[in-house]
Amino acid sequence: MGGSAAGLGGTAVAAPVIGDSVRAEQWHLKTLNVAGAWTYSMGEGVTVAVIDSGVDADHVDLQGQVLKGLDLVDPEGDGDTDLVGHGTTVSAIIAGRSDDNAGVVGIAPKAKILPVRVLDRENRYDDAMIVAKAVRWAVDNGARVINLSLGGNGSSAALAAALDYAFAKDVVVVACTGNASTSTSTGVWYPAREPGVIAVAGMEKDGTDLWSGSITGKETVVTAPATQLVGARPDGYWRVQGTSFAAPMVSATAALIRSRWPTMPAGEVVNRILRTAKDRGVPGRDDEYGYGMVDPTGALTAELPTVVQNPLDTTASPGVARIGSAPASGGQAQSAPDTTGKGTVGALVPGTNAGSAIPGGQAEAPAETHTWWPAAALFLLSTLAALLTVRRFAGAT
């Protein structure tokens, strides 16, 4: 399965944007009442992995914010170089510095970014295996939140298994639902639709309407601002749009929660995000807005009952149990222009899945039972037991 970033809606602005005007144009900070959230938490002590195109660690808004990471595209790199700009934009939305009163400030400005590069200079990846490796590495290297502003149409057993590994290690995973203008499908992208992942769709600037370019569906969990944003990029700033930039707002909110309550399990963090979201659309959860627009302050202040598991991951034996063999090889994905004329930060056209992975959520087909041995009682009993186990296993998924 190939894939891409979801929403490099970025063109450089016509006139250079200087730092203080950039801060003034971050309308989403007011819409999400980020200043109110900072009364309780700024993300200190939390590492957020950004699995993306790399991160420009030398950008003025990210100096001191980026840890040594991993480059799975260039063996000589360590994730702190960004040839596309997408990962830098995402990272600054999460953890842009707040100590200089200029430039892009992140929603969790005291969190740290762990960069893992999986997107090439064309802002794409050809095989989901690279993303799976990135997820596992991020988990093993201290990430408590993982942001995936990328995806594609197909599913991947290897990536599903990696996500299950993250869940087992108490990590919150956030992904974008995808952009309609750059997708060959109207369905929510993978891995956003994997059970347990917080799937984030995009909102218009008014904070009440769904962004017209956002893919959404039954897997959508929450929404966040996605249009008319100003983002950091290597050597400057640009205007961007896309669900790629809605997702990090939710990842940053998760970082705020994990900073305020360091021992809170990931399942409770997820529950706080969805239970405190501001309802949009028809009353209650719906397939357009999910539970509503993320509310950082509400997530940090609401009194909620304790939950014992991630409310988005209620399937028995997830991931590996539900998906067949990993793809033999991945299809390709390539970048596509945003039809609005603004470009798209990380919005690539997913390729076709050349492998044989069973779509997520579907039980693996039980193997055919052969009875060519003599009908010994012991063999029959063991065969029956195995068959019953497979059927029970399939039925639980």
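Including glycine, each Cβ sits where the backbone N, Cα and C put it.
Looking at the stretches 61-92, 317-348, the one that TrEMBL records under the feature region 'Disordered' is 317-348. The active-site residues under consideration are D52, H86, S244. Their Cβ neighbour counts within 10 Å are lowest for D52.
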